[in-house]
């Protein structure tokens with residue numbers, strides 16, 4: 001029996017994008033910083049890292065499809081923060097963003113990591129953006145790095 005898994009190390013020649021929504025920027029800026037830190041710590045070349053900003057989480061899938069379809073990137077780390085309010089808006093945005101991101105990843109068969117927070121309140125978002133619960137941006141980039149490595153291994 002063989003176990004095949006990715007490594008948490010970049011080769012240094014991977015072209016990666018961090019796609020981040022600006023809405024709830026107090027949270028998404030911290031997620032983005034965590035992802036950038038992870039990329040650098042695990043052998044990424046900053047010159048091969050692009051940061052792409054969109055207004056909100058609903059726009060993430062549209063631009064993700066553009067990035068993946070461009071052929072310029074080996075993978076994309078998607079970040080955002082959708083915080084529940086008093087209307088059903090949260091449910092619609094979180095569902096459509098999630099479905100759209102998954103659809104784009106499968107359509108292009110390329111590594112995409114999901115670092116979009118969906119929380120009930122701002123406190124939960126803060127906890128997941130670098131305090132009690134770690135930094136989910138860092139974790140999302142870790143996932144992308146492992147996926148990139150695994151795809152390389154599976155190529156042979």
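Glycine is treated like the rest: Cβ placed from N, Cα and C.
If you look up Swiss-Prot, you'll see 89 marked as active site, proton donor. DSSP assigns residue 89 (active site, proton donor) to a helix. Spatially close to residue 89 (active site, proton donor) yet at least six residues away along the chain is no residue at all, judged by Cβ distances under 8 angstroms.
The 5-amino-6-(D-ribitylamino)uracil binding site annotation in Swiss-Prot covers 23, 57, 58, 59, 81, 82, 83, 114 and is backed by sequence analysis. In the three-state DSSP assignment, the secondary structure recorded for residue 82 (5-amino-6-(D-ribitylamino)uracil binding site) is strand. The Cβ of residue 82 (5-amino-6-(D-ribitylamino)uracil binding site) has 26 neighbouring Cβ atoms from other residues within 10 Å, across all protein chains displayed.
Annotated (2S)-2-hydroxy-3-oxobutyl phosphate binding site per Swiss-Prot: 86, 87, 128, in sequence order, evidence recorded as sequence analysis. Contacts of residue 86 ((2S)-2-hydroxy-3-oxobutyl phosphate binding site) defined by a Cβ separation under 8 A and a same-chain sequence distance of 6+ are given as none.
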To the nearest Å, how far is the Cα of residue 87 ((2S)-2-hydroxy-3-oxobutyl phosphate binding site) from the Cα of residue 114 (5-amino-6-(D-ribitylamino)uracil binding site)?
24
Rounded to a whole number, what is the top Cα to Cα distance in Å among the residues the record ties to 5-amino-6-(D-ribitylamino)uracil, namely 23, 57, 58, 59, 81, 82, 83, 114?
17
Inter-residue C-alpha distance, residue 57 (5-amino-6-(D-ribitylamino)uracil binding site) and residue 128 ((2S)-2-hydroxy-3-oxobutyl phosphate binding site) (nearest angstrom):
17
Rounded to whole angstrom, what's the largest C-alpha distance between any two of 86, 87, 128, listed as binding (2S)-2-hydroxy-3-oxobutyl phosphate?
23
Which one of the binding-site residues (57, 83) has its C-beta surrounded by the most other C-beta atoms within 10 angstroms?
57
